[in-house]
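Report on the structure given below.
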Amino acid sequence: MSKTVVCGSCDLVVNVDSRKGKFENICPRCGRRLNERNPADRTNIAIISFSAIQFLFISIFVPFMSISAMGINSGMSLYSIIYILGHKWGLLLYSFLFFTFFSPVIVLVSSLLICGFKFKPGILWSKIYQFCHSMCMVDVFVLGICVSLIKLTSLVDVDFYLGFYTTFVFSVLLLWCCIKFKPSMLWNLVKEQEEVKLKLGKTAIIQNVKKCTECGYYFHSESEIDICPRCHSKVEFRKNSCFSKCLALLLAAVILYLPSNLYPVMYTEFLGSTTGSNIIEGVIAMWEMKSYFVSLVILLASIFIPAFKIFSIAFILYVTRYSKIRIKKRVSRLFRFVMFIGRWSLIDVYVVIIMSSVVRITGFLSIYPGFAIICFCAVVLITVFSADEFDERLIWDSEII
């Protein structure tokens, strides 16, 4: 059984195989995957979601890990992170809670209610789910834990408790739910895609068909601006205003990028003496301690990836606006790659949060967050929002077919 769809990346009308099973359909023009492989049974999604919620709440309240140095012990749980950050680092706390707890809970509860109890979501619920689905950072948090452990084991003795293992199980279950229960499944429950007569191999724009960038619904239209019949968002043939929005966000990221790398992201208090270290100094210190893997991970995630994203988005904006793109497929793939790697730079933020929460041996060794970590977190999020504002279909519009 086949159905006609409009590619969200290049606007091409394509015929895809809609049967369930081990298959995938790739857009012949831009190379984007147009459907999901191995769709999961809703009962399985409900069971995994319920299990993930249980593991999450176990992880919050049981001990996570402890460190010991010179006969002095210091332990932490995920709840203690909230308590420690709540004193002076409210903005860092709210970011941590949203990415690591609030967004996953929304995703898991929604999956459980819809797949387990046949709950029908509304428009607002679907929009919230879609945003939280894209903002789940538990996998980044787990990688941040791994990097922190490599740092800690070179300084002190580390012991692991139940919360450490349940957090890893929770992250795997959440990742599975995010992969199998995409926002498109909710939007189809709100309103099924109606059949629209389209010519295969042609772009939707020349057939006067608009596709909503929020929910993916497409429909015939003669006017410049419409309201989406499914999600009630404003729909245009192209988001031409995205250039100014992307550029404004990009400039904000550039302004914050310098202080995020030059000022201390972390302060270390050792025997009453406090020293600050920025990202570059941290990389050098890890390299000198022969922790080559950690130093390379921090170098890539904290310095190269943010700079790469800024230059890549600027390049995409320039070639789309001011020059003919001869390698459209490569530019489109570059954009999707930028979208994929966008959030992984938050590893360094999680490393600082974990280190400052667990290393609290008063009078001997303590670690505190620095102002630059707020700037760095802002750089990562701003570049993510900047890429999200861009309309990828503009890359292909010089070759409308």
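Heads up, the Cβ atoms here are built off N, Cα and C, so glycines get one too.
Worth saying up front: this structure is predicted, and the values here are computed from it rather than measured.
Annotated features in TrEMBL:
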| type | residues | note |
| --- | --- | --- |
| TRANSMEM | 45-72 | transmembrane segment |
| TRANSMEM | 92-116 | transmembrane segment |
| TRANSMEM | 128-150 | transmembrane segment |
| TRANSMEM | 162-179 | transmembrane segment |
| TRANSMEM | 242-260 | transmembrane segment |
| TRANSMEM | 292-319 | transmembrane segment |
| TRANSMEM | 340-361 | transmembrane segment |
| TRANSMEM | 367-387 | transmembrane segment |
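When each of the listed stretches 92-116, 128-150, 242-260, 292-319, 367-387 is scored by C-beta pairs under 8 angstroms to the transmembrane segment (45-72), 92-116 comes out highest. Most Cβ pairs under 8 A with the transmembrane segment (162-179) among the ranges 128-150, 242-260, 292-319, 340-361, 367-387 are made by 128-150.
The transmembrane segment (242-260) and the transmembrane segment (292-319) are in contact, since at least 3 Cβ pairs between them lie under 8 Å (pairs 6 or more apart in sequence).
Contacts between the transmembrane segment (128-150) and the transmembrane segment (340-361): present, as 3 or more C-beta pairs lie under 8 angstroms, all at sequence separation of six or more. With a threshold of 8 Å between CB atoms, the same-chain residues lying at least 6 positions outside the transmembrane segment (367-387) that come near it are 85, 89, 91-92, 95, 245-246, 249-250, 252-253, 256-257, 259-269, 276, 278-279, 302, 306, 309-310, 313, 335, 338-339, 342-343, 345-346, 348-349, 352-353, 355-356, 359-360.
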